[in-house]
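**Student:** Sharing a structure with you now.
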Ligand SMILES: Nc1ccn([C@@H]2O[C@H](COP(=O)(O)OP(=O)(O)OP(=O)(O)O)[C@@H](O)[C@H]2O)c(=O)n1
Ligand SMILES: C[C@](O)(CO)[C@H](O)COP(=O)(O)O
């Protein structure tokens with residue numbers, strides 16, 4: 001954990017290198033417009049809104065780092081936040097790893113935040129940071145589920161899938177980002193756990209190390225823009241914020 005003789009430094013890695021296949025054809029998802037502004041710009045602003053964040057590393061599509069740097073230059077942040085852009089990889093895990101490699105060793109706490117969650121409120125960001133600073137090595141924001149979840153025996157598309165179990169819903173949480181970590185813990189997890197072992201988030205890698213992960217309350221507006229309907233919801237949330245909160 002951080003050396004208590006100097007201030008804790010917090011950075012954010014924003015993986016933004018995905019194509020957005022489930023959203024449909026077009027430019028990479030992070031660069032698509034939400035209320036006329038690229039989704040990535042909203043995500044970067046959401047992280048920079050936390051006064052604790054001093055550095056943001058954006059992981060751009062592998063061939064798009066120059067374009068992303070240019071775009072972010074056109075949407076400057078408050079002076080207290082440094083910004084860096086690095087090219088990403090073929091998978092989310094690889095992209096996060098490339099972002100982590102760009103962090104200086106003076107960073108103590110790192111958040112990993114999907115560019116695809118552009119509307120996460122600053123209260124959620126700060127709650128995650130506080131929990132890590134208070135000593136939890138890995139923290140995820142999450143919400144209880146509204147639907148019942150079934151475990152199935154997967155079948156080829158078009159074939160009905162036999163249900164093999166129904167996990168108790170009250171024990172389940174839907175996990176969001178930003179996920180927060182002590183930097184050394186997350187680096188070790190990414191260095192140790194092999195791609196393809198089934199972890200779909202960063203906390204999942206830490207769990208595989210046997211390190212504790214804790215949940216703090218997530219937020220409905222931290223949803224991930226994955227499919228076209230999510231974009232409709234995001235536009236509506238943004239329009240409401242602009243009308244009522246002076247949000248840009
Ligand atoms: N090679 C990849 C794949 C994903 N991501 C990022 O990881 C986050 C979560 O991924 P997801 O929402 O699945 O984005 P995509 O991979 O773009 O979506 P899809 O699976 O529909 O293509 C996104 O911010 C995405 O840009 C990334 O940085 N590098
Ligand atoms: C990290 C994540 O957003 C937590 O819910 C999610 O696992 C990302 O999944 P994706 O399929 O890469 O969008």
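Backbone N, Cα and C define each Cβ position, glycine as well.
All annotation found in TrEMBL is predicted automatically rather than curated by experts.
Pulled these from TrEMBL:
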SITE      22  site 'Transition state stabilizer'
SITE      29  site 'Transition state stabilizer'
SITE      169  site 'Positions MEP for the nucleophilic attack'
SITE      224  site 'Positions MEP for the nucleophilic attack'
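Quick one: how deep are these features, and who are their neighbours?
**Tutor:** For residue 22 (site 'Transition state stabilizer'), the count of additional Cβ atoms within 10 Å of its Cβ stands at 13 [all protein chains shown].
Cβ neighbours within 10 Å of residue 29 (site 'Transition state stabilizer'), excluding its own Cβ and spanning all shown chains: 25.
Non-local contacts of residue 169 (site 'Positions MEP for the nucleophilic attack') by the CB criterion (under 8 A, 6+ apart in sequence, same chain) comprise 144, 145, 148, 149.
Residue 224 (site 'Positions MEP for the nucleophilic attack') counts 16 other C-beta atoms within 10 Å of its own C-beta, drawing on all protein chains shown.
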**Student:** Let me know the DSSP-derived helix, strand or coil state of residue 22 (site 'Transition state stabilizer'), please.
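**Tutor:** Once the DSSP labels are grouped into three classes, residue 22 (site 'Transition state stabilizer') ends up as helix.
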